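Features as listed in Swiss-Prot:
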type     : residues                                       : note
MOD_RES  : Pro3                                           : N-acetylproline
MOD_RES  : Lys14                                          : N6,N6,N6-trimethyllysine
BINDING  : Asn123, Thr173, Lys177, Arg295, His327, Ser379 : substrate binding site
ACT_SITE : Lys175                                         : active site, proton acceptor
BINDING  : Lys201, Asp203, Glu204                         : Mg(2+) binding site
MOD_RES  : Lys201                                         : N6-carboxylysine
ACT_SITE : His294                                         : active site, proton acceptor
SITE     : Lys334                                         : site 'Transition state stabilizer'
Amino acid sequence: MSPQTETKASVGFKAGVKDYKLTYYTPEYEVKDTDILAAFRVTPQPGVPPEEAGAAVAAESSTGTWTTVWTDGLTSLDRYKGRCYNIEPVAGEESQFIAYVAYPLDLFEEGSVTNMFTSIVGNVFGFKALRALRLEDLRIPNAYIKTFQGPPHGIQVERDKLNKYGRPLLGCTIKPKLGLSAKNYGRAVYECLRGGLDFTKDDENVNSQPFMRWRDRFLFCAEAIYKSQAETGEIKGHYLNATAGTCEEMMKRAVFARELGVPIVMHDYLTGGFTANTTLAHYCRDNGLLLHIHRAMHAVIDRQKNHGMHFRVLAKALRMSGGDHIHAGTVVGKLEGEREITLGFVDLLRDDFIEKDRSRGIYFTQDWVSLPGVLPVASGGIHVWHMPALTEIFGDDSVLQFGGGTLGHPWGNAPGAVANRVALEACVKARNEGRDLAVEGNEIIREASKWSPELAAACEVWKEIKFEFEAMDTL
């Protein structure tokens with residue numbers, strides 16, 4: 001061996017492979033206020049003890065590797081290693097365990113969701129000793145929260161910008177999602193806003209395609225916004241999707257939206273990536289733009305019960321990265337969402353402080369310190385008959401978004417918007433009078449339809465439409 005490469009590795013070092021649990025399973029560990037805590041659903045391979053599986057997760061997502069390395073002696077593993085500090089079996093599931101892991105804060109770059117996820121949900125999800133692995137929840141410590149800007153503006157600032165209080169906001173996704181020319185697209189936006197909606201929306205896959213380039217769409221939508229505002233006296237908006245193939249192009253679109261004077265832009269935060277999303281969120285705060293977030297691709301990550309990452313983790317990450325709205329399921333529509341679990345992560349988005357509540361899937365108490373809240377968006381297969389349930393489930397601080405439930409009205413787009421606005425106002429009025437929307441909802445809608453022919457027509461069209469499938473996302 002060359003003198004230049006010879007080391008003293010043999011001093012206090014024994015090469016070879018040893019069980020992870022000898023170093024990374026520490027049930028006696030007392031978690032610190034500054035630790036990031038993670039709850040993993042672990043399914044070990046046959047023959048792998050749960051303690052070894054939990055320790056392997058802690059090791060591979062922090063300082064560990066498959067064999068002992070002599071450079072461990074050049075640092076303090078006790079300071080930097082992740083620790084599996086508790087393991088509990090999952091009730092009703094064979095060979096599944098919840099492994100709790102604590103990570104020292106020094107492992108993570110300040111203000112970077114990208115770096116946090118690269119460590120916690122990086123290579124470890126391909127680890128052979130595990131049949132499946134799912135990140136169920138994270139506890140983000142105050143010290144780390146304070147390194148993030150979070151939502152550009154938050155719920156209260158948005159209401160002040162829009163001058164709209166005391167009710168959910170109403171939106172509509174323009175359909176068909178692909179194929180319209182920019183001018184026809186702008187026409188649909190105008191009709192919906194003129195009919196009484198607060199927002200219209202680009203669909204998540206509307207970027208800048210040959211049939212409708214982004215600049216043309218932005219111009220026609222801005223015209224629709226200003227025309228409808230002048231005619232209704234209300235502040236209106238359209239979620240202009242700035243998502244693009246590069247961060248530079250994304251920012252070019254956001255800058256153009258600001259120059260047009262529109263109130264809000266949009267980003268697909270999972271397909272666009274957390275680095276791009278945080279960059280856009282910072283720009284939106286600095287330039288007075290609201291930021292609507294779509295979660296396209298989330299079900300690839302969160303749909304399977306035993307592998308991937310629960311949406312509550314993605315929701316927390318979005319609140320840190322930045323967004324004023326995010327799609328959060330409907331409970332009653334066509335998309336996945338069990339009621340208590342959905343309300344669990346809705347509260348994680350909106351509230352300043354959330355207590356641990358395992359009945360709603362919340363594994364840790366979370367304090368958001370001064371980070372603004374995010375408005376949950378209910379969207380997907382909803383119509384006027386759902387309005388009482390949506391108002392009761394989501395409350396005032398939400399956006400109720402009807403795409404087909406607006407544009408599918410037999411009389412056209414504007415009457416569809418009128419029907420939804422009348423239904424919402426009727427539900428809010430009834431609730432404020434003390435009526436129970438969960439019990440009297442259908443009767444409230446029928447009463448309102450007597451003096452709104454647009455609502456009556458909508459009620460007739462969608463009276464038989466239901467999406468009754470068992471939710472996959474259960475405890």
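Glycine is treated like the rest: Cβ placed from N, Cα and C.
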Lys201, Asp203, Glu204 excluded, remaining Cβ within 8 Å of their centroid (Mg(2+)) | Thr173, Ile174, Lys177, Asp202, Asn205, Val206, Tyr239, Asn241, Met266, His294
Taking each of Asn123, Thr173, Arg295, His327, Ser379 in turn, which of these binding-site residues have a Cα lying within 10 angstroms of the Cα of Lys201 (Mg(2+) binding site)?
-> Thr173
Local Cβ density at His294 (active site, proton acceptor) - other Cβ atoms counted within 10 Å = 28
With His327 (substrate binding site) as the reference Cα, tell me which of the recorded positions Lys175, Asp203, Glu204, His294 is the closest one.
-> His294
Mapped onto three states, the DSSP assignment of Lys177 (substrate binding site) reads coil
Among Lys175, Asp203, Glu204, Ser379, these being the recorded positions, pick the one whose CA is nearest to that of His294 (active site, proton acceptor).
-> Glu204
Ranked by how many other Cβ atoms lie within 10 Å of their Cβ, the binding-site residues Asn123, Ser379 are led by Ser379
Among the recorded positions Lys175, Lys177, Lys201, Arg295, His327, the one whose Cβ has the most other Cβ atoms within 10 Å is Lys201
How long is the line from the C-alpha of Ser379 (substrate binding site) to the C-alpha of Asp203 (Mg(2+) binding site), rounded to the nearest angstrom?
-> 11
DSSP output for Ser379 (substrate binding site) maps to strand
